[in-house]
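According to Swiss-Prot, the protein carries these features:
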SIGNAL    1-19  signal peptide
DISULFID  Cys44-Cys265  disulfide bond
BINDING   His110, His113, Asp120, His211  Zn(2+) 1 binding site
BINDING   Asp147, His150  Zn(2+) 2 binding site
DISULFID  Cys187-Cys235  disulfide bond
DISULFID  Cys216-Cys223  disulfide bond
Amino acid sequence: MNKTAIALLALLASSASLAATPWQKITQPVPGSAQSIGSFSNGCIVGADTLPIQSEHYQVMRTDQRRYFGHPDLVMFIQRLSSQVSNLGMGTVLIGDMGMPAGGRFNGGHASHQTGLDVDIFLQLPKTRWTSAQLLRPQALDLVSRDGKHVVSTLWKPEIFSLIKLAAQDKDVTRIFVNPAIKQQLCLDAGTDRDWLRKVRPWFQHRAHMHVRLRCPADSLECEDQPLPPSGDGCGAELQSWFAPLKPGTTKPEKKTPPPLPPSCQALLDEHVI
C-alpha cells in the first residue's frame, strides 16, 4: 500500500476515534477471567488488570486519565521490561497510555489500544524520578529532526536503542511502532544482531514514544491477531519509501463510521452501560 493511502487510512481512523464513546462510562474492570476480544482497533477486554501505579522500576504518566488497564500479559510485560532496564542501570521507564478498564474506543488520541494489549512508552529514561507534576503533564522529547529524515544526534542515546531492542526481543511482543527516522537509526546501530528489527515497524508520528503491541493470549479465543510483519529486518526499500514525498490527495477524506463492535463487546456495553 502506498504512503498516501496509508496516511489517508490513519487520518480516517483518527477521526473515527474522536467520536463520542460510551466506554469511558465503565470505570472499573469487568469481572471475569481475562479475555481480549476483537481486534486492536475494534474490541474490548474482560478481566483487565490494573497496572500498579507505584513501582521502583517505572512511573505511570497522566494517571488522571485512568488509562492504565490491560490484559495481565501486558501488565507482566511492563513489569518485566522495566525490571530489565533497571537492572542494567539505564533509568526509569515512563509508561503512557495502556487502555481503559474495559478497553474499547477512546474519544481521541488512539484508534487502537482497545483490547488491553497495547502500551505507549516514552523514549527517554530519566535517571532521576519525575515529580507528580511532571507525570501529570509530561514533556515529550522529540527525537526526530524537523524534516523527519533522521534523529537528532544530540538527543539519541544508546539507552534508547537498548530499550527498544529489549522490548522487541520479548516473547510476547509482535510489533513496536516508531517514527521512520527512529527505525532508520535502529537499522544503522543494530550491527549483525538484526532479527528483532522485524518487529519494529515505521509509522506516522511516534517521534517521542514507542507503541508496543502484544500477541493475542492463547486463551483469548475471540482475539484477532494481526498477520506477522514481513520477513527480514525491514531496513531496505520498505523503510526508504517512508521518506518519499507524499503525493497530493485527489479527494477529501470522508468521515469514517466506526465498524460494528464484536458481539461480545456489544453485549458487554449493553450490560454495563445504561
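Placement of Cβ uses the backbone N, Cα and C atoms for every residue, glycine included.
In this structure, the C-alpha atom of Asp147 (Zn(2+) 2 binding site) lies 19 angstrom from that of Cys187 (disulfide bond).
Fewest other C-beta atoms within 10 angstroms, among the binding-site residues Asp120, Asp147, are seen around Asp147.
Looking only at other Cβ atoms within 10 Å, the busiest spot among the disulfide-bonded residues Cys44, Cys187, Cys223, Cys235, Cys265 turns out to be Cys44. The Cβ of Cys216 (disulfide bond) has 21 neighbouring Cβ atoms from other residues within 10 Å, across all protein chains displayed.
Close to His113 (Zn(2+) 1 binding site), meaning Cα to Cα within 10 A, are the following recorded positions out of Cys44, His150, Cys216, Cys223: Cys44.
Cβ atoms within 8 Å of the centroid of the Cβ atoms of His110, His113, Asp120, His211 (the Zn(2+) 1 site) belong to the same-chain residues Gly96, Asp97, Met98, Gly109, Ser112, Asp118, Val119, site residues excluded. Here the CA atom of Cys187 (disulfide bond) lies 27 Å from the CA atom of His110 (Zn(2+) 1 binding site).
In the three-state DSSP classification, Cys265 (disulfide bond) falls within a helix.
Ranked by Cα separation from Cys223 (disulfide bond), the recorded positions Cys44, Asp120, His150, Cys265 are led by Cys44. Same-chain residues at least 6 positions away in sequence with a Cβ under 8 Å from that of His211 (Zn(2+) 1 binding site) are, in sequence order, Ser112, Asp118, Val119, Asp120, Ile176, Phe177, Val178, Trp203. Put plainly, the binding-site residues His110, His113, His150 were compared by Cβ crowding within 10 Å, and the winner is His113. Secondary structure at Cys187 (disulfide bond), as computed by DSSP, is helix. Calculated from their C-alpha atoms, the gap between Cys44 (disulfide bond) and Cys216 (disulfide bond) amounts to 12 Å.
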